[in-house]
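Engineer: Please find one structure pasted underneath; my questions will follow.
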């Protein structure tokens, strides 16, 4: 591709919240704390599951993969946001913007499918406990995880390559916190109708279909919970399901609002706030919701902490 014939833009400017300079320092502090807590929470989960052989079962190995995705997702996005918030104008090269968009789509797409696989795993465990070892054997688990990662790679490769094959004639100011498809697409000086059809169809398949499957799985799970004889058990199960559904609704709902119609009528500031839900909040909440409330995870964490204290004592 001859870049000079197709595009005169060699770098982009990320504007961030430049319309609200008085808020940027406070936002920098909040985002930094969220980033550190996200990394720590997901790192703890990764270490706990990796070191405890008894947790090497599909349920926890799915969590391990989710934690890797969340750490990677945050590492691709948040440092750039912090730079944007700490400077008046942040420059990012054409190649740098391409790379960031690619990895955002890779990890975001992988998470969409991975959360669906995790919901299926919980559905099989709760609704078909006797057949669970057969339904979710190691082979099925590996296929679901590999499918999630390969799907994420394919989504990222197709969408990013397509977006950056368009000509960019200027202006080069991206009114966003990072290089994401919708705000970058607004700078394209060509007809993007076919891409928008692809984006609409792709979002339905990648975001809406897994989300609907998750909802159906949890409806079946809720019916199974209602049959539990123990009131305490029902309350605990309902609480867990409610927190899981809150997390997936936040993630899929906001991602759907962003990607279903890339050139939607939302204001730039609204788009930024929506994007923060699935780029900042869900990576922060998922460790708390999926893992740190889990009794087995907490027991393992306490054991590791005690072992560390004993080693330091001697």
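Keep in mind that glycine also has a Cβ here, set from the backbone N, Cα and C atoms.
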Engineer: Looking only at what Swiss-Prot records, is residue 189 on the same membrane side as residue 21?
Structural biologist: yes
Engineer: Any idea which of 178-197, 198-217 is down as transmembrane segment in Swiss-Prot?
Structural biologist: 198-217
Engineer: Report, as numbers and ranges, every residue of the chain located at least six residues beyond the topological domain 'Cytoplasmic' (121-139) whose Cβ falls under 8 Å of a Cβ in that stretch; write 'none' if there are none.
Structural biologist: 58-59, 62, 217-218, 220-221, 224-225, 237, 244
Engineer: Starting from the Cβ of residue 189 (disulfide bond), draw a 10 Å sphere and report how many other Cβ atoms land inside it.
Structural biologist: 14
Engineer: Do at least three C-beta pairs under 8 angstroms join the transmembrane segment (198-217) to the transmembrane segment (55-75), pairs 6 or more apart in sequence?
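Structural biologist: No, these stretches are not in contact.
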Engineer: Do any residues, 6 or more residues outside the topological domain 'Extracellular' (259-271), come within under 8 Å Cβ-to-Cβ of it, and if so which ones?
Structural biologist: 17, 19, 175-176, 181-183, 185-186, 192, 195-196, 199-200, 202-204, 207
